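*Asks:* Sharing a structure below in structure tokens format, with a few things to ask.
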Amino acid sequence: MDKLKIEASGALAGNVVISGAKNAALPILMAGVLAETDFNVSNVPNLRDVNTSCELLRCLGAEVTRSGTDKVCISTTNLNEFCAPYELVKTMRASILILGPLLARYGTADVSLPGGCAIGARPVNLHLQGLEQMGAKIEVKEGYIKARVDGRLKGAHIFMDMISVGATENLLMAAALADGETIIENAAREPEVVDLANCLIAMGAKIEGAGTDTVRIQGVESLQGCDYQVMPDRIETGSFLVAAAVTRGKIRCTKADPKTLESVLAKLEDAGASITTGDDWIELDMQGKRPKAVNIKTVAYPGFPTDMQAQFCVLNALAEGTATITETIFENRFMHVPELSRMGATMELEGNTCIIHGIEKLNGAQVMATDLRASASLVIAGLVAEGTTIVDRIYHLDRGYEHIEDKFKGLGGHVERVKS
């Protein structure tokens, strides 16, 4: 199993090219099941979860071809299997997103209950309840979701009990081929949901209101393939910006979208960073300045993203002052705190809040990645810690960050992938 070996690196400097968004690419790839003709997707990151999604589509009989560094072509002409098996689904929670497309186009789907990061329950009931309102018959049996519909799904007025990105995406895809109008209230507003909606519209879907809390979908008879480019990864962007702030550096993120990161950029400015943006780039300058402590509360978009919480734990660990970070989206999402404490961070947990007292320096240590974003926080900590940091179990990192060690090296970071 690979590890990352990280040495204190000084101030990061230079340009980093941001990859396509994993959390947009995964549902967009699943949407390929809805298309009757070839579907071409570009700016697809080369990640473990993306590879798992492609393998899942192949398992169903679709032809999936990767070309260049970022292109995927999907053909469903020979799709003839409707079961997403445990062996694939167990490694990636987003596999549940195949449920809506299979059911909408083929009327049948068997999907193993999903896996992914162990950061809380994240139940699938909202997905199932919405599909049942659209006429699906669903039972959960022997670890599988077994869904059937006679004829086409029917449009429905769905009010979601809580905001769920995955459920919004699943219902959006299912409703695109349903009979009649579907209204989703209390829908997730994340940019990745909007990106999926824009992709579906390019395929011929009729969708209004994506990016608001009420989305209207008028079902159509069929969807066709198209050429679509995945949005930039806002969480990767934010992670590099935090790394630059923590190391007191100056970097520019290109192929980025500042409009999707307003809450994160505001907190970085509160921490003392100078931020400059263009249409597709963000520059952060923290040269010669120690970050100031910033209080964080994670909330659904457009609020502060839960996927940036761990990175700001590191920033606050080295900041001037004391800060609190409150996690409201997922339970059990402070698993990085004990690992950062091993590096000398002064942190204490009180329920869903972490109280962080900033100190001058961290010390290198052997630490263990517990989930995707926690692993990114440990890498950032290693860049600024005195001595050597070894991050174990970086397969979590490979699920969501493309060539992270190479990108940090390009900014002057001393990061090396080593075999166990």
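Even glycines carry a Cβ here, placed using N, Cα and C.
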*Asks:* Let me know which member of ILE74, ILE325, ILE329 Swiss-Prot also records as binding UDP-N-acetyl-alpha-D-glucosamine at the site of ARG93, ASP307.
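*Replies:* It is ILE329, as the record lists it for that site.
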*Asks:* Mind computing the max CA-CA distance among ARG93, ASP307, ILE329, which the record assigns to UDP-N-acetyl-alpha-D-glucosamine binding, rounded to whole Å?
*Replies:* 16
*Asks:* Expressed to the nearest Å, what is the distance separating ILE329 (UDP-N-acetyl-alpha-D-glucosamine binding site) and LYS22 (phosphoenolpyruvate binding site) at their Cα atoms?
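*Replies:* The separation of the Cα atoms works out to 19 Å.
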*Asks:* Measuring Cα to Cα, how many Å separate ARG93 (UDP-N-acetyl-alpha-D-glucosamine binding site) from ASN23 (phosphoenolpyruvate binding site)?
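*Replies:* Cα to Cα, ARG93 (UDP-N-acetyl-alpha-D-glucosamine binding site) and ASN23 (phosphoenolpyruvate binding site) are separated by 11 Å.
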*Asks:* What whole-number Å value do you get for the CA-CA distance of LYS22 (phosphoenolpyruvate binding site) and ASP307 (UDP-N-acetyl-alpha-D-glucosamine binding site)?
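*Replies:* Given the Cα positions, LYS22 (phosphoenolpyruvate binding site) is 12 Å from ASP307 (UDP-N-acetyl-alpha-D-glucosamine binding site).
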*Asks:* Determine the Cβ neighbour count for ASP307 (UDP-N-acetyl-alpha-D-glucosamine binding site): the number of other Cβ atoms within 10 Å of its Cβ.
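*Replies:* Cβ-Cβ neighbours of ASP307 (UDP-N-acetyl-alpha-D-glucosamine binding site) within 10 Å number 22.
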